[in-house]
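Below is one structure, written out as structure tokens, with a few remarks after it.
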Amino acid sequence: MRRSKWPFLPYKGKWQGSFSERQAMETLRNKVLEEQHNSDTKSVSMLVDCFRIYGSSPSFSGYSFMVQHLLHKNLHSHLPPILDHLEKSERIDVPEKFFVNLIQEYGKADMLQEAVNMFLRIPKFRCSPSALSLNSLLNILCRKNDGLVLIHDVLLKAPALNIRLEACSFRILIRALCRTGRVGFAIELFNIMQQLHEFMPDSGFYLLILRALCRYSTPDEVMKFLEDMWNAGVLPSTWEYNAVINLLVSKDRLNDAYSILTRMKIEGKRPDIISYTTILNGFILANNFSEAEEVFDEMLVLGIDLDVVTYNTYISGLCKQGEFGRAYRMVLGMEKAGCKPDTETFNTLIDGYTKDGEHVKVNEVMSEMLGKGYQGNSRTYAILIDGLLMEQKPAEAFQMLMETVSKGLIPNSATFNAVVCSLCQKNLLNKGIQVLEEMISHSIAPDDSLWEALLSAINLRREEMAVHLEEMILGGSRDRW
């Protein structure tokens with residue numbers, strides 16, 4: 001008896017198509033699991049075959065699943081055939097989010113050119129790209145130096161895709177320019193943004209550029225941009241003002257730095273401990289101690305809680321003036337005010353007494369520091385070694401340096417160089433070479449003065465040996481006569 005067939009349906013209902021797609025997707029998932037260890041599997045064939053079983057063509061869900069699978073397995077080289085097939089499947093309109101995710105994945109894999117190519121190819125998939133996909137691409141390109149060179153071409157081709165830059169696009173580009181130190185270009189782009197009259201830059205744009213200017217530009221450029229900010233009604237936060245103050249102080253523009261402090265107070269912003277300490281340090285470095293005293297007194301009047309950095313800065317100023325009694329009393333006052341001194345506090349006192357030749361006081365402070373449980377660091381011993389060199393005691397300095405290194409404390413290169421030079425001047429060549437060996441073992445580069453001192457000591461040693469040999473020869477000759 002001949003078996004009858006089910007009648008062929010001339011069309012599929014919506015429910016039937018949905019059911020077929022679910023079956024095809026289930027089959028595809030199982031097939032992928034079976035072939036997961038086979039990197040030679042033809043992804044397109046697998047996709048098409050799994051859907052053909054149920055009398056349908058691959059759906060967008062199928063393509064998306066295969067792409068995610070290949071990305072998960074880091075099989076980026078297998079993506080082109082799948083994407084080519086999707087491009088030719090005219091009945092599928094691919095959502096832009098699919099390309100955004102794909103561009104981001106290319107970025108994670110450092111496949112920047114592939115990300116650019118994918119972006120430019122979006123219209124071929126019956127999708128209209130927008131600033132969403134452009135910004136995703138810009139974000140990726142701006143993070144890498146290799147990507148920055150690709151941005152120009154992308155921006156030139158964006159208008160052909162009917163994409164207009166948004167405020168977010170400008171922010172991405174300006175941030176990248178600021179990060180790479182191209183602040184002048186960032187300001188140019190910022191000005192173009194304002195001229196378009198479509199975007200009003202918010203305070204974030206100004207602050208972004210101001211921070212970059214403080215890092216890469218001159219005080220004059222910073223002050224000019226700051227004026228532009230004020231004129232635009234944008235006021236920096238205390239954090240940005242501190243960055244400006246730090247730059248001005250580092251360039252010896254102390255009056256300008258103090259004017260910023262005044263401006264902050266006029267704006268109702270309370271300068272913090274960083275603001276004051278930076279200016280205090282600037283005045284002390286410039287030996288302008290009267291101004292430093294005024295700044296310190298102002299901090300006390302305003303009730304600002306002083307931290308150990310501020311105390312150490314002020315104590316260093318007192319030591320520079322030779323006011324060691326006040327400096328020592330300030331250390332005692334720190335403890336009463338609830339601010340514990342640290343090793344650097346004692347280092348500041350030790351350094352001051354050492355430079356003043358007060359060796360008894362140096363020993364007293366050192367004993368007090370150790371007695372209170374503070375351990376000396378590499379700077380502590382560098383100061384003590386420098387003091388011994390000032391007293392023309394290179395052998396003692398050598399001994400302390402070796403002990404310091406044996407404790408795992410490595411002074412800076414200047415201390416090593418100074419010890420070697422001093423030893424060579426006293427004709428202690430063997431000890432000088434020992435120090436040089438320690439420097440090499442700790443990857444510390446000797447400077448030119450060290451090599452000159454060593455060569456001079458070696459030449460002197462040769463001359464002494466020659467004289468000694470000559471005396472021996474002459475003495476032996478006289479004995480024979």
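Here the Cβ of each residue, glycine as well, is placed from N, Cα and C on the backbone.
Database features, via TrEMBL:
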REPEAT    202-236  repeat 'PPR'
REPEAT    237-271  repeat 'PPR'
REPEAT    272-306  repeat 'PPR'
REPEAT    307-341  repeat 'PPR'
REPEAT    342-376  repeat 'PPR'
REPEAT    377-411  repeat 'PPR'
REPEAT    412-446  repeat 'PPR'
Secondary structure tally of the repeat 'PPR' (307-341) (DSSP, helix then strand then coil): 26 helix, 0 strand, 9 coil
Same-chain residue ranges lying at least 6 outside the repeat 'PPR' (272-306) that approach it to Cβ under 8 Å: 238, 241-242, 245-246, 249, 252, 254, 257-258, 261, 264, 313-314, 316-317, 320-321, 337, 339
PLDDT averaged over every residue in the repeat 'PPR' (307-341): 92
Distant-in-sequence neighbours of the repeat 'PPR' (342-376), which means Cβ under 8 A and at least six residues beyond its ends: 308, 311-312, 315-316, 318-320, 322, 324, 327-328, 331, 334, 383-384, 386-387, 390-391, 409
Secondary structure composition of the repeat 'PPR' (412-446) [DSSP: H/G/I, E/B, coil]: 26 helix, 0 strand, 9 coil
